[in-house]
Amino acid sequence: MDVNIGSLDSCKAATCNDVGCLPSNGTVSTIQSSAVPFNSAEATLGRHLARRLVQIGVSDVFSVPGDFNLTLLDHLIAEPGLNLVGCCNELNAGYAADGYARARGVGACVVTFTVGGLSVLNAVAGAYSENLPVICIVGGPNSNDYGTNRILHHTIGLPDFSQELRCFQTVTCFQAVVNNLEDAHELIDTAISTALKESKPVYISVSCNLPAIPHPTFSREPVPFSLSPKLSNQMGLEAAVEATVEFLNKAVKPVMVGGPKLRVAKACNAFVELADACGYALAVMPSAKGLVPEHHPHFIGTYWGAVSTAFCAEIVESADAYLFAGPIFNDYSSVGYSLLLKKDKAIIVQPDRVTVGNGPAFGCILMKDFFIALAKRLKRNTTAHENYSRIYVPEGHPLKCQPKEALRVNVLFQHIQKMLTGETAVIAETGDSWFNCQKLKLPQGCGYEFQMQYGSIGWSVGATLGYAQGVPQKRVIACIGDGSFQVTAQDVSTMIRNGQKTIIFLINNGGYTIEVEIHDGPYNVIKNWNYTALVDAIHNGEGNCWTTKVRCEEELIEAIDIATGAKKDCLCFIEVIVHKDDTSKELLEWGSRVSAANGRPPNPQ
């Protein structure tokens, strides 16, 4: 699932729409286009920023208007090829930019100063944790107010305007405060190029009085910026490959496991080619689901310790060598630090570093280059996959429902499985949907996204909006719990307004089920809403939207038939009512282990 931002061959002339796009070697190539007359409406800071967004592959910007960004929004709207998507709140605009970046490789949002910036901050932090290049643009104070003792609205009442900037410094890789036209061009280009190079969010504040002013630096198509290609240290690469070949070729039953940083390393294809060459059993960590094709002949499922898919953990943890590609071992992915792995058996490949066992370690090595070189040297070894094939027993099916029997969650996901094709994508909200969606078998081309590292409940509503906007040719299937939905429900309105055809399964079990299984209490029970009536009220007869409640399998089958048939061009909202204690067995196991990790007593002083 490598994401190329407007791929361009380095030796091929770019068209006007290709300016500033990333070619396969990681550089940005541009060709000077015809000049824009100075003092024209297009030779302004606002239009320069808009053109840059279009050139890197952004065609939709998610925004919430405020008095400090209104002029900037005028100039973004005026740019051909750039669509402004108005959101209900800044948090969802940020989540939408996150989802869009997952679909298109880069996303952008525009909010107003401080009240908007601090609202979007949580979403930007999530994008940072997931290595997503999100360009967060804030309409800032009038340039004349900097350095004065004035107190402005939308602040905490102090004449210091740096509070917002200081908050963003820890969750973005570059911050640009544009309050002077002389260096605006350089700051904007540096911010955007840094986001692409680092695959992290950036912050750009633009003074509210500057977007409409022409300036000589904006009097033509933007002067190209260059992304210097990252290169591996060749001696280090050869040494790392040599050490890894020696380590793996003497193993009896090695395996390979894909991690979430495969995406940021743009090494998904190289990883699969390595699997093709070496024949090792191939698994993924839960946060890497969707990055590795599950139809691969050696794919054995999700490795997630005690809650792995059937027979996967047994093969991985019994291996005498395992290659992990871009892993993140946190308390959630390690099931409360309970993985049965040994460091001396592991080769850990990060985007720019390789560690073999307890050492040695090799830096300045690109993951993609490492896999390509390694594939030429490893001996083919299919032992682990053969062992998996011997012990594998096909999954059983949920017990058949009696007529009008209350719907069970495992039956729901059995039917969701049948909906998946290469033209669909799954968005899984934080909660039991993590575990149920993890068991879905993804057909070739089917997208899959969830936010495991940050785990912010409510993320999926905005992310669904952004992902669906980024790839309108796919039909998104979102699985959202009722507690999470209550956090961010408003932007179903934006989905309807933009003609999206997503299918939302709202799983109504009366509370924060994932937290119940970690630590129960009355705070995990929420007020029940009439969710379909809420969405009907949001719909209000404008746009295409269809809602229904289902309580049994018969009603579910009928709802899915309508959603994929007569209402295939509508946003479909299906409220699924299930028992409050109906959870996956994986959540029960995972919750008890995470609870134990959270509850560890302090170490002796």
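Just so it is clear, glycine is given a Cβ too, placed from its N, Cα and C backbone atoms.
Feature annotation from TrEMBL assigns domain 'Thiamine pyrophosphate enzyme N-terminal TPP-binding' to 44-149. Per TrEMBL, domain 'Thiamine pyrophosphate enzyme central' is recorded for 241-358. Under the heading domain 'Thiamine pyrophosphate enzyme TPP-binding', TrEMBL lists 451-576. Per TrEMBL, the feature Mg(2+) binding site maps to D482, N509, G511.
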TODO: Show, in sequence order, which residues other than D482, N509, G511 on the same chain lie with their Cβ within 8 Å of the centre of the Cβ atoms of the Mg(2+) site.
DONE: G481, G483, I507, N508, G510, Y512, T513, I526, K580
Open item on the list: By a 10 A CB contact count over all chains shown, which of the binding-site residues listed here is most packed: D482, N509, G511?
Closed with: D482
Task: Secondary structure content, the domain 'Thiamine pyrophosphate enzyme N-terminal TPP-binding' (44-149) (per DSSP, counts of residues) - done: 50 helix, 22 strand, 34 coil
